[in-house]
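Enquirer: Take a look at this one; I'll ask things after.
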Amino acid sequence: MKNFAISLSVILQSAAIIQGQSISPLTTPHPVQATNSAVVITATASPPSSEISPGGIWIVVWRVNETVVAQAGYVSYPDVGSIVEPSIYSSQINISVVAMSASSFSTRLTIAQLKTEEDGYLVELSGPGVGPQSIVLNIRDCNSSLPYDVIVDATSRIFNSPGKFACSNGGDLFYSNSIMLTSSDTTCLASAEWSGQYNLQCWTAPIVSFTSSSVVGNKLSVPEGGALSMACDYDDVIPSGDTSRFYIDKNQFVTTKGEPFTLSSLQRSDSNKVVSCQAVTPYTDLYLASGRSSEYKLDVLYRPSFAKSQVSASNFFLEVGNDEYLIRSDQNLTLFCSSDANPAASCIWTVCGKSCENISSAHTSDCNMDYHLSTNSSISCTATNDYGFASSKMQKVTIVPLTRSVSFGKVDDMPRRDSIVTSQTGDNMTLSCHISYEDELATEFELILPNGTIVKQPILEVVSLTTADAGNYTCVTNDLFGSFDASVYLDVQYAPYQVTTTSCTWVMEETGVCDVIIFSNPEVEFASLDMNKISVGNDGLNVIFSVGQEQHYLYKKTKVTSNDEGAYSLILSHPFPPHNYSIAFNIAVINAQQLDVPAIVGGSVAAVIVVCITIVVSVYIVKRKPKQNQKSSFNSIEKPANIAVAPECIEIKDQNRENLQCQGTNGAYESIDRPLEGRDGYLAVNVGQKQNPTSQYENAPDRQNYDTIDGQYDDTI
């Protein structure tokens, strides 16, 4: 059996007028109580006394859908008694007398089994002198859905079953007076209503619609200086509203629901401001985060306001000034152009070397580009978008060669690499080393002197030059772009001089040879030989040759006569002023008899000396084997005062200078010296170091032996 809760609708008809009297109608209490699966209808009848006779019977009839189902009434009036006729549908419907008195009685009709398809039972009660009374039974469940999206969650919807109020749209329950429902519990009533169901509302957040012609994705794109128009609308909700609220970052603007709202004269500073809107209803006032639209960012579009070009490289790159750079020739530049623009600008690079060319950047998002310069150039970029363009300042980039030449030598005569510079003894000289871009690259310099000393400066001043200062000088540079070097040879030149006084003794009627040794740099050109200011001839064929830095003049007479005796002057031509120099030597002539050993006295001693000198010179020349016309080796330049180490030379030193005095045959001394004190920028080279000229001669190239007898060279040793 299906259980139903019953809602009763009482239909009261007008009281019947019987014999001009008003007869009390049959009354039915409202609401009708429903008990689970049955419905009980109770009626109280008060029959008119005119209808009731002593000992008589008064009967009322129950009808359901016009079918008589039961009867009830008085018996033996005025003696009260009851009569009840069994129900025609005894299995479903029965009646009973509830109470009675002499003037009225109550009767109850119970319908034990109701069917939904029988919805709309018409139940009537009528009797003598009483017009028919009726009610209609409408059979239904307690409501599961109520107005304003209110629903009841219950396992059963029959009378007295419990349930809970809820919102079908996920909203919150309120009473119509805007008071929130604190308890959602309810009960099914006999009237098929839920307890407290009246005046309930489901409040929900409005669904907001944000509209604007400027919406692009999640942005609101507007040109700079332009206006943004937008509207905020929302659906009809409970409770309703008629205004909207716009949020521009933290600023709020209230407008009419659905009406346009405009922001004018937008600037680039407005970019990235967050825009949204919200419906204004009692619900959104209670729940401040509800009823809001999606958020959009203002995207103010504008032309590039500036462009800045930047150049860089991974290696061998240096900024040397404001927008000026150096880069080594084997490196690539990285070009970067930045600008303030929306949308992001694309870039065109302008590179001006011997001519200008425009190059579009392959990376439009960041304007980066790798580029190899072939010549010194000025570089700038132009940033461009749909709203305009802007150009950067020029940046100057200078290419530094991979290999740079070092310029090293005398300040007034910059020689090429590995060349020779010359100066004279006693002169002051300044050596200077330079390399391109030395200032920009902060180049470090080292000067390596002939004696191995290192001077960390690019300029060296040497005062009062001596032959000891001659030698190789090397300049080494080092900076960010590499290390390079160059060398020069300092050739210290001096006027011709003779180490010792030369004296030769010849034998009458024999061949005589006199070897005059001269030191000179550069070598001298011999002009003439005079005796007593009269030019004399020379029987020798090759009279000039060099051994190391020595020059030899061989004067030869094939047949010596007494006229050959005397003082000679060798007139030399030299580049140094006074250009003509005179070297004096003597020749003594003796007879052959004076060479006898027992007779060695006086002049014979001179003859012995001549023979000894001749033998020494011949042996010396044979051992040296000098080559013809061999020039001096610049690596073997010696200080002249250090070459002669004969017994007649005396070396004297003190702490301030060195002195070499050589005593001649005439007993006089010739002094050669130089100061040793240090001066600014000057480092004395080889000071106090004596050199062995013989060791230098040993390194000189071989030369053919010169025969002092016949004045010829031969290849024998």
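Counting begins at 1 with the first residue displayed.
Quick reminder: no glycine exception, Cβ is built from N, Cα and C everywhere.
Here TrEMBL flags 217-301, 418-493 as domain 'Immunoglobulin'. Per TrEMBL, region 'Disordered' is recorded for 690-717. TrEMBL lists 1-20 with the feature signal peptide. The transmembrane segment annotation in TrEMBL covers 599-622.
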Enquirer: When the domain 'Immunoglobulin' (217-301) is classified with DSSP, how many of its residues are helical, how many are strand and how many are coil?
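Expert: Counting residues per DSSP class in the domain 'Immunoglobulin' (217-301), I get 8 helix, 42 strand, 35 coil.
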Enquirer: For the domain 'Immunoglobulin' (418-493), what's the model's average pLDDT?
Expert: 93
Enquirer: What is the number of residues in the domain 'Immunoglobulin' (418-493) that are helix, strand and coil, as DSSP sees it?
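Expert: Summed over the domain 'Immunoglobulin' (418-493), the classes give 3 helix, 45 strand, 28 coil.
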